[in-house]
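J.: Sharing a structure here in structure tokens format.
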Amino acid sequence: RQTCCICCLLGCAAEFYVIDDRIGLGREFDGIGGLSGGGATSRLLVNYEEPYRSHILDFLFKPNFGASLHILKVEIGGDAQTTDGTEPSHMHSKGEGNFFLGYEWWLMKEAKKRNPNIKLIGLPWAFPGWVGEGTQWPYFFPNVTADYVVSWIYGAKQHHNLDIDYIGIWNERKYDPVYIKLCVLKYSLYSVHYPGTKTVKEALLTEKKLWSSEDYSTFNDDIGAGCWARILNQNYVNGRMTSTISWNLIASYYKNLSFGGDGLMTADEPWSGHYVVESPIWMTAHTTQFTQPGWFYLQTVGNLTHGGSYVALTDRKGNLTIVIQTMVATLNAFDLLLQFCLYLIFLNLKAHLTDLQVWYSKLDFKTKNDTLFQRSSPIKVYNGSFTLKLDVDEVYTITTVNTGQKGAYPEPPKSQPFPKNYSDDFTIDNPPFSEAPFFADQTGVFEYFRNSTDNGSHAFTLRQVVTERPVTWARDAYQTISIIGDYSWTDLSVSCDVLIETPVTGGVFLAARVDQGGESVREAKGVFYWISANGTFKVTNDIGGRRVLAEGLSGTREGVWYTLTLRVKGYFATGMLNGYPLWKNAVVLEPKNGWAALGTLSFEYAQFDNFKVNAE
């Protein structure tokens, strides 16, 4: 064995590590992934125009370009709020499947188009109400739930030619063993969410694959990037987890919803085309561009003495990749890292280890002048060893793989706020997606609808289609609601044609200054202008209708189109019905700003048309 003599850096002792395959290999590497869903986290991505939408997808999925993800995990929509919105189910009602609702099918196909080898995972967060048979538990009739989930798998194949590689049970909830048996599922692996890089002893003893199938959940700034880089190494070093999946894939939802700005990159302005390739993309690339599922970790991996960690992987065909991370500043640990000497005892690869490719990143929290995924000069291997000088908050990839690339496109358009004047008449004969652009459903599901009973001005509408409370995951409102616009809007006028479909008990609303969505939608405040099929109206300061600002007779009923207009300026709000004042000067002390919205009084059918908003 050769020894390695090195000089000290900054007066501290050097560190010496060995990569050795003589004791055998470690666990098989299963890949790095991103999660679209849990929920509606990719909602705005579909509304980007080309070429920007394709550019974003390339940064996520294209091999040797950006994040180059190995795995895409998606939500099996359940018509319910699952963090940042609702995703539509493929079966709103029993026996009526539609495998073209939502955008996850599209996203999986786009990922496969770029990387045919990408693995696909489906997981339900919520279920349509009929699955629970009127309860909030999907396993009272496990055969019903099993048929529902299996139909999604078959639908993926039959309608989209997508093979689903893994299926989850129920996100972060208890499961039923009878259901597992009915689904003919087998426990191919154990997965955990947010493990803190640790695995319990009992899981290790099973010798099954161990995954962190949801992790990260951090703002995609440099602090988040450091967290992600650390997780990617230490989930294996500390927990022997062979796959890590980021929640979420991309921050493509209104930033004032829950966990705004999480994800590997940001694309929340389809109206402008602006997006940001954030630093977590390049932390991901340090691993994904130089490994593939089916590679194996070496057993000689570990933590660095002064902070950080290193892993080594091989394809057993002559390639070796080593990833070193020193992300300690994000943990408030500022020990200086030193000269790093790595001695290679690699019987199968020794002849190939002469010049190693080097890729380097540095998160500079002092100057904010980061270096991200930069190709450096190759490292010379002398007598089976090489040295590196390491500092805090760096990532190095040292590899025999020479196909790495830092992909780039021309700068996207500059950031712009949501248009102050916006309208949509929902007239589209063959919509590419079931949702209208920019509307973000927070409870219920609002879809394009071809109104066969009206060949006139309301032949194409937007319809709320969830008619019973789903088996929920979050605290959905008891009303349905879809938001749109700029959270900073204060003074505005919003109007919409509305059709109540439910006799007597039915109702719809138009709203402004809506201040809550996501998991807090039940507590949303704003100005809510309601009309009901029983001939009354009400103006409330909250979605639950607890604080009434005005109320009275409206003469409204089901089956008739009405035009609602809501104007809010300063501390006062006024409402019109079919162009005539119905109420005025309701006092609105709070909130001061928020989105525009529309919705229904309960889980009921209702239609909307000719939506317009004008903000000052």
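The backbone N, Cα and C atoms fix where each Cβ goes, glycine too.
Because TrEMBL annotations are produced automatically, they should be read as predictions rather than curated entries.
Copying in the features that TrEMBL gives for the protein in this structure:
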ACT_SITE  Glu172  active site, proton donor/acceptor
ACT_SITE  Glu214  active site, nucleophile
DOMAIN    29-181  domain 'Glycosyl hydrolase family 59 catalytic'
DOMAIN    192-289  domain 'Glycosyl hydrolase family 59 catalytic'
DOMAIN    297-405  domain 'Glycosyl hydrolase family 59 central'
DOMAIN    441-615  domain 'Glycosyl hydrolase family 59 C-terminal lectin'
J.: Could you tell me which of these active-site residues, Glu172, Glu214, has the fewest other Cβ atoms within 10 Å of its Cβ?
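T.: Comparing Cβ neighbour counts within 10 Å for the active-site residues Glu172, Glu214 gives Glu172.
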J.: By DSSP, how many residues in the domain 'Glycosyl hydrolase family 59 catalytic' (192-289) are helix, how many strand, and how many coil?
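T.: When I sort the residues of the domain 'Glycosyl hydrolase family 59 catalytic' (192-289) into the three classes, I find 31 helix, 25 strand, 42 coil.
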J.: Roughly how many Å separate the Cα of the residue listed as 'active site, nucleophile' from that of Glu172 (active site, proton donor/acceptor), to the nearest whole number?
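T.: The residue listed as 'active site, nucleophile' to Glu172 (active site, proton donor/acceptor), Cα-Cα distance: 10 Å.
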J.: Roughly where does the domain 'Glycosyl hydrolase family 59 C-terminal lectin' (441-615) sit in mean pLDDT, to the nearest integer?
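T.: When the pLDDT values over the domain 'Glycosyl hydrolase family 59 C-terminal lectin' (441-615) are averaged, the result is 97.
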